[in-house]
Amino acid sequence: MSDPLRIVTAASLFDGHDAAINVMRRLIQARGCEVIHLGHNRSVDDIVKAALQEDADGIALSSYQGGHNEYFRYLVDRLQSAGADHIAVIGGGGGTITPEEISALEDYGVDRIYHPNDGLKLGLPGMIDDAVERIEQKRRQRSDTLAADAHEDLQKARLLSRIEQGLEEPTSSDRPVPTIGLAGTGGAGKSSLTDELVLRFATSFPDRRFAVLAVDPTRRRTGGALLGDRIRMNCLRLPNVFFRSMATRRQHLSTSEELSDAITTLCQQNFDLVFVETAGIGQSDSTIVDLVDIPGYVMTPEYGAASQLEKIDMIDLADWIAINKFDRKGAQDALRDVRKQWRRNRVDFERPDEQIPVYATIASHFSDPGVNRVFNGICRLVAEHSGRDWPGDLPEGDPQAHVLIPGQQQRYLAEIAEQGRGIRDDLRQQAEQARQVQYLFESLHLLGAELESLQPADPSALPAGQQALARRYNDALNQLQPEAREALSTWDDRMQAVQADTFEYQVRDKTISGDNYRETLSGNRIPKVAANQTRDWGERVWFSGQENLPGHFPYTAGVYPYRRSGEDPTRMFAGEGPPERTNRRFHYLSRGQPAARLSTAFDSVTLYGEDPAERPDIYGKVGNSGVSIATLDDMKKLYSGFDLCAPTTSVSMTINGPAPMILAMFLNTAIDQQVERHLKASGEWPQAEKTIRRLVGDQPVTYQGELPEGHDGLGLGLLGVTGDQLVDAETYQRISTETLKQVRGTVQADILKEDQAQNTCIFSTEFALHLMGDVQDWFINHGVRNFYSVSVSGYHIAEAGANPITQLAFTLANGFTLVEYYRARGMDINRFAPNLSFFFSNGMDPEYAVIGRVARRIWARAMKYRYGADARSQMLKYHIQTSGRSLHAQEIQFNDIRTTLQALYALFDNCNSLHTNAFDEAITTPTEASVRRAVAIQLIINKELGLNQIENPLQGASAIDYLTDLVEEAVYAEFERLNERGGVLCAMDAMYQRSKIQDESMVYEHKKHSGELPIIGVNTYQAGDNSEAEQTVELMRSTDTEKKQQIEQVQRFRHQHQDQAAEALRRLADDARARRNLFATLMDTVKVASLGQISHTLYEVGGEYRRNM
């Protein structure tokens, strides 16, 4: 194709579900198109700006997080107002966009919205062919002439396109515009460095305009290209930056034929500085030198032997050189050698190191002093070239490598795998040894010798014929390790404990007791825990080391001896609209239940750390697919009527990027509840009410609507104020201390899996991990023992497309990475490990039947033998949510069947808590009726299913034992693959996890669409046209009234606290720069600042997340 289609691909604003669009952009590229991929969480402004500057022919969008009606309409409107209605818009959102909504959006101007039925009818390739054909057809119909009022960016872009197509020649210009080139090998970090440099120029010189041309290679076989630099650019939100991607459209070269003319054209367009980034180059490629005024070369420390430097042309020709990724091994040697080579090439041996333009940088680090040094150096070069003042005086220095995990510990995953296999091999040998001891013991016993079990024999006291046998018995006994001896000596007591009529054991300072048997309708006594009846000593040693009874190391069967009586593992999941609406749902779900186990879904605006707003692409998502929370008052309303310090209340919050802020709001809510109770109990409430009226004025903050049944008003008394304004400091401190020791729950806060899969990262990864560590350090210092500071999540890894092995391996690897990081920060493992929990998905694959038991075994052994942790730290606790990916919009009622089977997997495997998805979540926020059915699934299994009354129903099954060992070994193999890539963090830099997840997602999608993977009601056993399969499902959307209510509430909060917020946010920024514990500061900041205000303050001091391809 001589003139390829140019298509912008992205996922919508506040939407991290990029699995589908990643599959699509690959297939579109394979059709010979040039794809400008923007990735996830893209606003309409981002997409329109890209489409205009790239002169795109089409936009392909995925939208799975709600708000699609407003989003697509706003996009169409913006394109029309820019004179770009010739750009085709196609999209999809699985079942979340209904056929009726699709028709309405297409009538409004969207060219095509695809439904899952389209994928099944056409197949993935057919659907892509249809999309490409629609875009091509619209391009054929467009006018070659732009409208007179077309957007300025589009006019520039169209001129560049005509030059690229050879249809126009640039005119000469006397205006001297300096041009800067960035060349380097692929993977050197050119895009990150370009972004950081342009960001510094655009903010340091806000009255000047900057352009960037970025070149990527064209694929030889298809003619398509992945133009992947724009996704990395955070600088593009600035109004004075123009960015254009170009494909080489030729082979084996790092520039396009028309690049020189394109540079000349941009120099005529009133820009003050033009950057040119080439595709990855080889040692001898120096084309950029002939195209720009100030060529630069970007490299990494990994270039091979020092003699290789003599072959790199750019070291001789570049005006400046950046050795990027300076946190890698050998970086100091590389800096020395490159400077030495620079001196040789220029025969300049006297110049001091600081005057040689060879710089060390870590462009991926926010505000890197090494990048500042490059910026200052380039400013001097630009000033010399242009004769214009370009003052560059940012604080510079050597790059500061923030080592999260010390070098000597970086083989941790391989060592855990080696150790795990070694334990298994030793156990197998000890089991065989125990069997020999038993044979010899029983032989002596049969011959009449009187011996005590596991005690050595006295050969001299035995007849001569038995003495040799006794000596052999003693030798065999001496080869039994202490753990094997203990397993055998305690066997009878352990088995007797579960076979007696009653049980009794200690948890901390509390005695737990109960009956060991239940009676069936048939009059049979069924044990709660089935004892292993083997008499073979080898099997006893093997069982004790591999499985053991629930509550016994290595906790394969469960971390507690018995399930919790009176509290089922059911999580009451809710999140919709404003906090009042979700609060009512929580009270509805917990009505009549002995415990309130509340699990909270937040809307996507909250998930990305922003405040609700009127802008259409934000407005449409407020309160959809989750609850809208932007202020401390919102949080108080959300959990009002529940005593957050009651032992029967626990709260789980599914949030990651802004988790520290949301957690601070939650803990303040819990503290203020207890302050309210104190004031009422002590008779001080009337005086407190007067103080509240004085503080909030004549417009008090209120709970909108009627209180639900069972709501006692707790938590609403302090709306608009905080507890420290109503009681003295000593009383507040006492209440705070007591509250923190009692409050129960979990916050997800797993930033590693966000980078790998779910995509709700908002801060730079290093800064986000620092925040995680601050939270855990604060928990330790404040005695928070019953709240999990992180839920290491595999669920979202699975939802992004990973198979069960990859989900489990990546999740455990992330958990061990946090262990190593926290230990490197000086934390005691026994003080933080109990605050870690895990979160897995349960799908239909056979491996899901054992995912929990494998996780418990691997974790327990590593904690005990590698880290020397105590028993509590060895216990891996985890939550299960049934698979969201297995919910289908077709034959939607069948989803409950899948969910039931997945719940069986989870409950039989003794998960610690469980959320069953509602059948209609494939297309909408669940209704009360569908949620009730989902909860009933668990209740029926827990209360009615007989086999589940036995609490270790999987133990002893050969199939389960086989799967357990199979999955454990597969996890160890994945640990080794991660280790080969330098561990979890280095693998993330290379995008290993993300690529693997996407590849596995592609396998699933192809097999689903081809029918190779049968899915009942979707690609087989499909209903006829006249069946009842297509049922109308009630759509749950937040109303305009609710959205406006939230927008007004946050505006009011910000206005009320505007003076205090300014000071609090300044203090937060100062503490971040000084690397103080930020969670301690956030506990105060959230009292006066909204979520969005805090996020934007932290962006300025901690860095915003940079997307990866």
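Cβ atoms are placed via backbone N, Cα and C, with glycine included.
Per TrEMBL, the GTP site holds Gly187, Ala188, Gly189, Lys190, Ser191, Ser192, Asn324, Lys325, Phe326, Asp327, Asn1108; the candidate it also names there, chosen from Arg230, Arg232, Arg1073, Arg1075, is Arg232.
Annotated Mg(2+) 2-binding residues in TrEMBL are Val215, Asp216, Glu277, Thr278, and among Asp207, Asp229, Asp290 the one listed with them is Asp229.
Segment annotation: TrEMBL labels region 'Disordered' over residues 167-187 (candidates 167-187, 335-355, 1028-1048). Arg744 is the only one of Arg563, Arg734, Arg744, Arg898 that TrEMBL places in the substrate site (with Arg597, Tyr788, Ser837, Arg872, Lys877). The binding-site residues listed here (Gly187, Gly189, Asp216) include no residue with a Cα within 10 A of the Cα of Lys877 (substrate binding site). Within 8 A of the CB centroid of the Mg(2+) 1 site residues Ser191, Asp229, Glu277, the other residues of that chain are Leu182, Lys190, Thr194, Asp195, Val212, Ala214, Asp216, Gly228, Arg230, Arg232, Met233. If you average pLDDT over the domain 'B12-binding' (4-142) in this model, you get 94.
In this view, Ser837 (substrate binding site) is surrounded by 24 other Cβ atoms within 10 Å of its Cβ, with every protein chain counted. Ser191 (GTP binding site) carries a helical DSSP state (H, G or I).
Counting Cβ atoms from all protein chains shown, Glu277 (Mg(2+) 1 binding site) has 27 others lying within 10 Å of its own Cβ. Considering only the binding-site residues Thr278, Ser837, Arg872, Asp327 (GTP binding site) has Thr278 as its nearest partner by CA-CA distance. A strand conformation is recorded for Glu277 (Mg(2+) 1 binding site) in the three-state DSSP classification. Of all the binding-site residues given, namely Gly187, Lys325, Arg597, Arg744, Tyr788, none has its Cα within 10 Å of the Cα of Val215 (Mg(2+) 2 binding site). Within 10 Å of the C-beta atom of Tyr788 (substrate binding site) sit 24 other C-beta atoms, taking all shown protein chains into account.
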